[in-house]
Amino acid sequence: MADQPKPISPLKNLLAGGFGGVCLVFVGHPLDTVKVRLQTQPPSLPGQPPMYSGTFDCFRKTLFREGIRGLYRGMAAPIIGVTPMFAVCFFGFGLGKKLQQKHPEDVLSYPQLFAAGMLSGIFTTGIMTPGERIKCLLQIQASSGETKYTGTLDCAKKLYQEFGIRGIYKGTVVTLMRDVPASGMYFMTYEWVKNIFTPEGKRVSELSVPRVLVAGGIAGIFNWAVAIPPDVLKSRFQTAPPGKYPNGFRDVLRELIPDEGVTSLYKGFNAVMIRAFPANAACFLGFEVAMKFLNWATPNL
């Protein structure tokens with residue numbers, strides 16, 4: 001690889017990753033709302049059209065019926081959850097890299113970067129699961145016509161009152177199935193594209209803003225190419241009525257495949273891919289900007 005990195009600071013990764021997560025949510029939440037509504041819409045009755053025919057139809061109907069606020073519905077949950085989640089995510093990646101280095105100047109291979117990314121996926125599941133559970137419930141309730149929860153805190157409170165801590169953490173296993181391999185792909189792809197973009201004799205840290213944006217966007221696409229099938233299972237499982245899937249995601253899979261085919265595992269694909277590039281481009285740019293600021297302001301942190 002072209003760059004000889006500075007000693008890795010997991011703490012700086014933690015702080016810069018939190019800022020990157022905020023950037024991701026602001027850019028990507030509208031299409032995340034569309035994705036969840038497409039993934040959780042019920043099968044259409046014979047002879048009747050589906051509630052949403054696709055990504056743009058869902059976007060248009062949501063905007064028309066609920067305004068711009070409808071597209072940002074449930075955003076408080078990911079802002080509250082995503083900021084620490086991405087902080088922990090980038091911390092886990094930094095720690096994973098540091099654990100594999102014998103010396104600060106060691107340059108990691110791509111399989112080692114993938115392994116470091118997988119560690120970050122394990123770290124983030126504890127934060128990601130309740131945030132995703134609340135977000136999905138808030139996103140689908142408007143399209144169902146039922147208003148059970150008035151907001152993020154109300155949803156968390158009612159889930160805890162009805163089902164305890166297990167109700168808030170419903171979907172932990174399938175979230176792990178999604179995030180561990182997807183996070184490995186995410187960070188490995190970002191480092192790979194950055195190295196491709198780095199001219200001979202230059203350092204990766206000197207990449208221009210457009211190249212950082214493209215590298216982050218491509219990393220987001222590769223991440224979601226791995227994550228979409230378990231994400232569909234997660235969305236269905238987390239928004240299902242209590243007791244509908246007693247055996248977890250396996251019951252969701254048994255219902256989806258016979259009824260809707262293998263393609264049902266890629267519901268919301270267009271919305272995910274349209275969102276993946278700009279949202280993750282913003283995330284990595286935010287991370288890099290914050291990291292440069294921290295390196296300047298606190299070089300010894």
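Our numbering is plain: 1 for the first residue shown, then up by one each step along the chain.
Any Cβ shown, glycine's included, is placed from N, Cα and C.
What Swiss-Prot records for A2 is N-acetylalanine, and it gives similarity to another entry as the kind of evidence.
Residues or ranges marked as repeat 'Solcar 1' by Swiss-Prot: 8-99.
As annotated by Swiss-Prot, transmembrane segment applies to 13-31 (among others), with the evidence given as sequence analysis. With a cut-off of 8 Å between Cβ atoms, the residues of this chain six or more beyond the transmembrane segment (13-31) that come close are 55, 59, 71-72, 74-75, 78-79, 82-91, 93-95, 271-272, 274-276, 278-291, 294.
This prediction places the mean pLDDT of the topological domain 'Mitochondrial matrix' (32-73) at 84. Per Swiss-Prot, topological domain 'Mitochondrial matrix' is recorded for 32-73 (among others).
Look at Swiss-Prot and you will find 74-93 (among others) tagged as transmembrane segment, backed by sequence analysis.
Positions annotated as repeat 'Solcar 2' by Swiss-Prot: 108-196.
The transmembrane segment annotation in Swiss-Prot covers 113-131 (among others). Long-range contacts of the transmembrane segment (113-131) within the same chain, counting only residues at least 6 positions beyond its ends with a Cβ under 8 Å from a Cβ of the stretch, are 77-78, 80-82, 84-86, 88-97, 99-100, 156, 168-172, 175-176, 179-188, 191-192.
Residues annotated as topological domain 'Mitochondrial matrix' in Swiss-Prot: 132-170 (among others). Under DSSP, residues within the topological domain 'Mitochondrial matrix' (132-170) fall into helix, strand and coil as 29 helix, 0 strand, 10 coil.
The N6-acetyllysine annotation in Swiss-Prot covers K148 (among others) and is backed by similarity to another entry.
For K157 (among others), the entry in Swiss-Prot reads N6-acetyllysine. Listed in sequence order, the same-chain residues six or more apart from K157 (N6-acetyllysine) with CB atoms under 8 A from its CB number zero; the list is none.
Here Swiss-Prot flags K170 as N6-succinyllysine, drawing on similarity to another entry. Cβ environment of K170 (N6-succinyllysine): T129, R133, F163, F237, Q238 lie under 8 Å away, each six or more residues apart in the same chain.
The N6-acetyllysine annotation in Swiss-Prot covers K170 (among others), and the record cites similarity to another entry as its basis.
Marked as transmembrane segment by Swiss-Prot: 171-190 (among others).
Remark: secondary structure over the repeat 'Solcar 3' (207-293) totals 73 helix, 0 strand, 14 coil, with classes taken from DSSP. The annotation repeat 'Solcar 3' is assigned in Swiss-Prot to 207-293.
Residues or ranges marked as transmembrane segment by Swiss-Prot on the basis of sequence analysis: 212-230 (among others).
Sequence annotations record features per position, and here Swiss-Prot assigns topological domain 'Mitochondrial matrix' to 231-267 (among others) based on sequence analysis.
Here K148 (N6-acetyllysine) comes close to L137, Q141, K158: these same-chain residues lie at least six apart in sequence, with C-beta atoms under 8 angstroms from its C-beta. Sequence-distant contacts of the topological domain 'Mitochondrial matrix' (32-73) (same chain, six or more residues past either end, CB-CB distance under 8 Å): 135-136, 138-140, 142-143, 231-232, 235-236, 239, 259-260, 267-268, 270-272, 274-275.
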